[in-house]
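> Attaching a single structure in structure tokens format; questions to follow.
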Amino acid sequence: MARKCIIAGNWKMNLDPDQGFELIEGIKAGFKPKANLEVVVIPPMPLVALAAHWVTDSTLSLGAQTSSSFRDGAHTGDTSPELLRILGCRYALSGHSERRGDHHESDAQVAAQAKAQVEAGLKTIVCCGESLQEREAGVHINKIKNQIGIIYDTLPPEYWGEVSIAYEPIWAIGTGKTASPVQAQEIHKMIRDHIESKAGAQVARSTAILYGGSVKGSNAKELLGQPDIDGALVGGASLKADDFSQIIQAYEVS
Ligand code: 13P
């Protein structure tokens, strides 16, 4: 069976409630649900509870940009994955490079976060990817393998089906510089092979591996057409309904 395609819009720390509402209305207006396609909106944390109402009566899914690695308790300022699920989230990101960079999240912390998310009933989208320096130094493959491998070492096997991966080369995020479809496919294939070595062929075959980094309407079709690219994690182009809808439609015609 074909893998599911996930197109997720990570709004990062952008948009106010009015803008968020308008964006979701715009996406819904142009969206024709398609078998095997899941569209996810990932607003900033303070908008999650509102957005849960905005996506009601639509087939859009809701996600969160991060969450605590604890379920609840004395963790001031953190967000419980359990609470996110209760509010209506189906997904949460873990280990976005901006979290790893700004908040020094280690591979082990990201894995703990992903574990808490799936234990709370969320699906986790684990982000990985290298900087330009790491690519140029030739250490990117090992870096990505470590980022992914620890997830399967940390999560019990019954949760492996709740994991998707997003390959987001840091040099392509917000820069307008996209990995070429060939470059992206090469890394996605390597990630799938690594998942196979950690978790077996069935898990590797069924895990969605998304690409992120300057995805837009004009390059989405070619990226999504690669055999191991199963969706997109979109930043800048997810902030306008027209731009995001073009990416969604790129899947529909591929
Ligand atoms: P851009 O699409 O703005 O490059 O951002 C990618 C990203 O970081 C999505 O999580």
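Yeah, the Cβs are placed from backbone N, Cα and C, and that goes for glycine too.
Just lifted these from TrEMBL, have a look:
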- N10, W11, K12, G174, S214, G235, G236: substrate binding site (BINDING)
- H96: active site, electrophile (ACT_SITE)
- E168: active site, proton acceptor (ACT_SITE)
> Just to verify a number: CA distance, W11 (substrate binding site) to the residue listed as 'active site, electrophile', in angstrom, no decimals.
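One finds 13 Å between the Cα atoms of these residues.
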> Which has the fewest other Cβ atoms within 10 Å: G174, G235, G236, the binding-site residues listed?
G174
> What Cα-Cα separation, expressed in whole Å, is found between G236 (substrate binding site) and the residue listed as 'active site, proton acceptor'?
14
> Which one, from the binding-site residues N10, S214, has the smallest tally of other C-beta atoms lying within 10 Å of its C-beta?
S214
> By a 10 A CB contact count over all chains shown, which of the recorded positions listed here is most packed: K12, H96?
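The residue with the most neighbouring Cβ atoms within 10 Å is H96.
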> Check the recorded positions W11, E168, G236 for any whose Cβ is under 6 angstroms from an atom of ligand 1, and report them in sequence order.
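From W11, E168, G236, counting a Cβ under 6 Å from ligand 1 as near, the near ones are E168, G236.
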> Far apart in sequence but close in space: which same-chain residues, 6 or more away, have a Cβ under 8 Å from E168 (active site, proton acceptor)?
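Spatial neighbours, sequence-distant, of E168 (active site, proton acceptor): H96, S97, C127, C128, G129, Y211, G212, G213, L233.
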> Same chain, not part of N10, W11, K12, G174, S214, G235, G236: whose C-beta falls within 8 angstroms of the C-beta centre of the substrate site? Give them in sequence order.
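Surrounding the site, in chain order, are N14, I173, V234, A237, S238, L239.
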> By the DSSP assignment reduced to helix, strand and coil, which category contains G236 (substrate binding site)?
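G236 (substrate binding site) sits in a helix per DSSP.
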> In Å, how long is the longest CA to CA span across N10, W11, K12, G174, S214, G235, G236, which the record gives as the substrate binders?
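Per the listed residues, the maximum Cα distance equals 14 Å.
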